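Undergrad: Below you'll find the structure I mean.
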Amino acid sequence: MEQVNELKEKGNKALSAGNIDDALQCYSEAIKLDPHNHVLYSNRSAAYAKKGDYQKAYEDGCKTVELKPDWGKGYSRKAAALEFLNRFEEAKRTYEEGLKHEANNPQLKEGLQNMEARLAERKFMNPFNMPNLYQKLESDPRTRTLLSDPTYRELIEQLRNKPSDLGTKLQDPRIMTTLSVLLGVDLGSMDEEEEVATPPPPPPPKKETKPEPMEEDLPENKKQALKEKELGNDAYKKKDFDTALKHYDKAKELDPTNMTYITNQAAVYFEKGDYNKCRELCEKAIDVGRENREDYRQIAKAYARIGNSYFKEEKYKDAIHFYNKSLAEHRTPDVLKKCQQAEKILKEQERLAYINPDLALEEKNKGNECFQKGDYPQAMKHYTEAIKRNPKDAKLYSNRAACYTKLLEFQLALKDCEECIQLEPTFIKGYTRKAAALEAMKDYTKAMDVYQKALDLDSSRKEAADGYQRCMMAQYNRHDSPEDVKRRAMADPEVQQIMSDPAMRLILEQMQKDPQALSEHLKNPVIAQKIQKLMDVGLIAIR
C-alpha cells in the first residue's frame, strides 16, 4: 500500500508539472497494485482528459463511479469526459445522478447548470427545435397548407431531430419557405448571388479545457487557498467587502495560478462600485487563466463581468464588445440576453441622438423641390431622411406617401398614411392620400369610407367630396371579369390570409351547398367580419 501511495504522489507531481505521460504511467502501475482504488482511476481520468484522450477519460470515470457510487467526484470525472465527447445529454444525466448522492456538491451543481445552458443553446441554434414550432407554422399562410402533407411533417421532424441534414434539404422550396417563417426573414428576396445556399462555417476548434484538480490530492498550498476562498465567500455574502478582499488576496498568494481568486476580488470591487478596478482585475484574471489553460467558461465569466461593469456605467457600446467576447468563449442565455438588452438600448440612444427637427425641415424642403420636378425616387429619399430626423412629424409621412403613390407602391403609401393618421388624427391630407391609394388599387368601397372620414372632419373639403363621387361612380359602372376581380382581391394580404385559412374555406364550401348555413356562421363576429371583407372585394355575393 505504501508503494501505491508513492506512485500516486509521483503521478500527481508529474501531472502538476505537465508531464502527462509520466503521470499516466505512475497511475497505471499503482492501479495494477491496487485495482479497487477509486481515487487512482479518478486521477488517471483527469490525466487522460488533459492529454485529450477523452474516451479513456470517460472509461476511467465510469470505473470510478462503479467502485465508489456515492462519491461525487467520480460523476464529475465521467460527466466532464462526456462533455468533451459532445455527449451533452449523457453528461447532464451523469451530473444529475451525482447530485442524488451529493446534493450540495458545487462542482456537480455548476456542471449541471453549464450542461443545461449548452443544451438550451443547441435548441436555440436549431430553428426546427423551437417549442412552438407547429403553432408558428400553422399561424403563417405560407406554411399552413403545407402541414396537411404528411411528407412535409416527416421532413420537419427529421430536421428537428437531426439539424445537420439541413444543408442537403435547402433545395426543397418548402424548407426555404419554412426557414423564412421561423427566422422571420424573407429568404426568397435575396439577390441572385445569394440564392445559392452557402454551407455553414466549420465550428471553431474546441478549446482544450483544464481538468479539475483532485481534491483529495491537492498540494497543501492549494488546500489552504480554497479555505481562504470559502472564508472570503462568507464575508462577501455578509457584504463585509474588506474582509472578503483580504481572504481572496491570501488565496491568490497561496495559489497564484488560479484565476478564480482574482475574479472574486473583481466581484467585490463591482459591488463597491469601483468599476475601473473591477475591470483591471478581470483583465489580469484572464491573463492568468490563459497562461494556465483555464476552463473557457471561467474566461467567459471574466469577460461578462467587464461587460456588466460597462453596462452599469451606461457605456453600452463597450458593454456589447465584452459581452460578445464572453459569448465567443462560451455562450450562456444570461449573457446573450444582457448583450441583446444593451444592443437595444444603444440602438434607441443612437436613434434619439439622430433626431434634429431643423435638419428634418431641410430634408423636407429638398424633398418638396424634387417632388415638384417629378423626381419622385429622390424626393422619397429626402422624406425618409427627414422622418429619421423627426419621426413625430405626421406631414413627413403624408409627403412620402404621395411619393409612393406616384411610384405605384400603394401598399407602402397606405402604411405611411396610417402612421400619419395615428400621429395626427385631424390632419385631412392623411385621409385623402390614403383614400387616393385605395382608389388607385380599385378598392372603391374602402376608399369611400376613408373619403367619408375626411368629410366628417371638413365637410367643405372638395378633394374628399370629388374622390367620394368618383369612387361611387366607378363602383356602379364596374364590369370586371371574374378573373380580374379574383386577381385584384388576391393581391390584398388580408384576403390572402382569409382564403388560406382551412376553416374559412370549409365555411365557404358549406355556404355554396347550403345557403341556410350562412345565418349560423354570421352569428360569429370574427367570421362575419371575414365574410364582409370577401363581399367588399367582390369575391362572394349574397342574394
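In case you wondered, yes, glycine gets a Cβ from its N, Cα and C as well.
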Undergrad: Of 60-77, 222-239, 330-347, which range does Swiss-Prot call motif 'Bipartite nuclear localization signal'?
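TA: Swiss-Prot lists motif 'Bipartite nuclear localization signal' for residues 222-239.
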Undergrad: Across all chains shown, how many C-beta atoms besides its own are within 10 angstroms of the C-beta of Lys312 (N6-acetyllysine)?
TA: 13
Undergrad: Whole-number answer please: how many Å between the C-alpha atoms of Lys301 (N6-acetyllysine) and Lys325 (N6-acetyllysine)?
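TA: That comes out at 10 Å between the alpha carbons.
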Undergrad: Applying a 10 Å Cβ distance cut-off over all chains shown, what neighbour count does Lys325 (N6-acetyllysine) have?
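TA: A count of 17.
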Undergrad: In whole Å, how far does the CA atom of Met1 (N-acetylmethionine) lie from that of Lys8 (N6-acetyllysine)?
TA: 11
Undergrad: Mind pulling out the one from 4-37, 39-71, 225-258, 260-292, 428-461 with the most Cβ pairs under 8 angstroms to the repeat 'TPR 6' (300-333)?
TA: 260-292
